Amino acid sequence: MKPIQKLLAGLILLTWCVEGCSSQHWSYGLRPGGKRDAENLIDSFQEIVKEVGQLAETQRFECTTHQPRSPLRDLKGALESLIEEETGQKKI
């Protein structure tokens, strides 16, 4: 390699290392910045548990569309009633 190419490669590598070392690191609380001590760590975990609990709560939505009764369902009910009348037994 020519000395200019080696110098350029070294400069690019140095720039890449400096950029990587000086970049923002994430704290244990999954939020940027802040100190990493044990007290904040416990608070962060408790905060995460609260957030997950809020996400886990389900919301109930009612169906707004009208679903007509199926004719087959009505026919099945009529046949069951007819069979019960003929046999004299009641469905359990």
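The backbone N, Cα and C atoms fix where each Cβ goes, and this holds for glycine too.
Checking GLN24, GLN59 against Swiss-Prot, you find pyrrolidone carboxylic acid recorded for GLN24.
For the annotation glycine amide, the record in Swiss-Prot points to GLY33 among the listed residues GLY20, GLY29, GLY33. Tertiary neighbourhood of the signal peptide (1-23): none, as no same-chain residue meets a CB-CB distance under 8 Å with a gap of 6+ residues from either end.
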